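One structure is given here, and the rest of the page talks about it.
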Amino acid sequence: MTEINFRNAQFLISAPSLRECPAEEGAEVAFAGRSNAGKSSAINCLTNNGKLARTSKTPGRTQLINFFSLGQGAQQRLVDLPGYGYAKVPLATKREWQAHLSEYLYKRKCLRGLVLLMDIRHPMQEFDTMMLNWAVDANMPVHLLLTKSDKLKRGAANNTLLQVNRSLKESGVQDLVSAQIFSSLKNVGVQQLEQVITGWLNLPAGEDEASVKN
């Protein structure tokens, strides 16, 4: 397995739709979540670059599909998808974002996995479930990142993780979906996230993690 130095990450391009995305070459992992779930902060924490992905206290500022290369040739990429569900924008705009997200998940052939971020205090909201269902329907590996774990005591955070994993097992998707606790503020869970993404980016084209395990 090829090791990845996430600190080499650099901004590549912003795309308003799938047509403007980089060429279907190499492999990429996407980050998705509600507008206040901490996507940009997680990417900045993972890459140890506080200025890589734009962060804002105003939810919904990420309205484009933002790509970051992880090395020369941009053959491995991280993707920051538009936040959903919380942003105070017109309904028509929300629907347009949802259409772009759905199109990206179903049609982007070089996408190897989806990191789905949820505030650990409010996991599995309506839009989270919608995104998870889209990914599962597309047979896309998903890693749930329960963010802002520093807002809870360790026992409460672990209990939430246990409940989420139980829900995944009851839904029968545990082979395709995993979960972990994460805090960009305290650097909790960074190494585990690195391992998951590295594994995905090393998957051969056309294979998912479940098929490799089997």
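All positions are counted from 1 along the displayed chain.
Just so it is clear, glycine is given a Cβ too, placed from its N, Cα and C backbone atoms.
Summarising the annotation, Swiss-Prot assigns GTP binding site to 33-40, 60-64, 80-83, 147-150, 182-184. Per Swiss-Prot, Mg(2+) binding site is recorded for SER40, THR62, and the stated evidence type is sequence analysis. Residues or ranges marked as domain 'EngB-type G' by Swiss-Prot: 25-203.
A map of Swiss-Prot features onto the structure.
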{"residue": "GLY33", "record": "GTP binding site", "CB count, 10 Å": "29"}
{"residue": "ASN36", "record": "GTP binding site", "CB count, 10 Å": "19"}
{"residue": "LYS39", "record": "GTP binding site", "CB count, 10 Å": "28"}
{"residue": "SER40", "record": "Mg(2+) binding site", "CB count, 10 Å": "21"}
{"residue": "LEU64", "record": "GTP binding site", "CB count, 10 Å": "17"}
{"residue": "PRO82", "record": "GTP binding site", "CB count, 10 Å": "24"}
{"residue": "LYS148", "record": "GTP binding site", "CB count, 10 Å": "24"}
{"residue": "PHE182", "record": "GTP binding site", "CB count, 10 Å": "30"}
Cα separation, SER40 (Mg(2+) binding site) to LEU64 (GTP binding site) (Å, whole number): 12
For PRO82 (GTP binding site), the three-state class that DSSP assigns: coil
Between SER40 (Mg(2+) binding site) and PRO82 (GTP binding site): CA-CA distance (Å): 10
Local confidence of the prediction over the domain 'EngB-type G' (25-203), expressed as mean pLDDT: 89
Three-class DSSP secondary structure - SER40 (Mg(2+) binding site): helix
Distance [Cα-Cα, Å, rounded] between LYS148 (GTP binding site) and SER40 (Mg(2+) binding site): 13
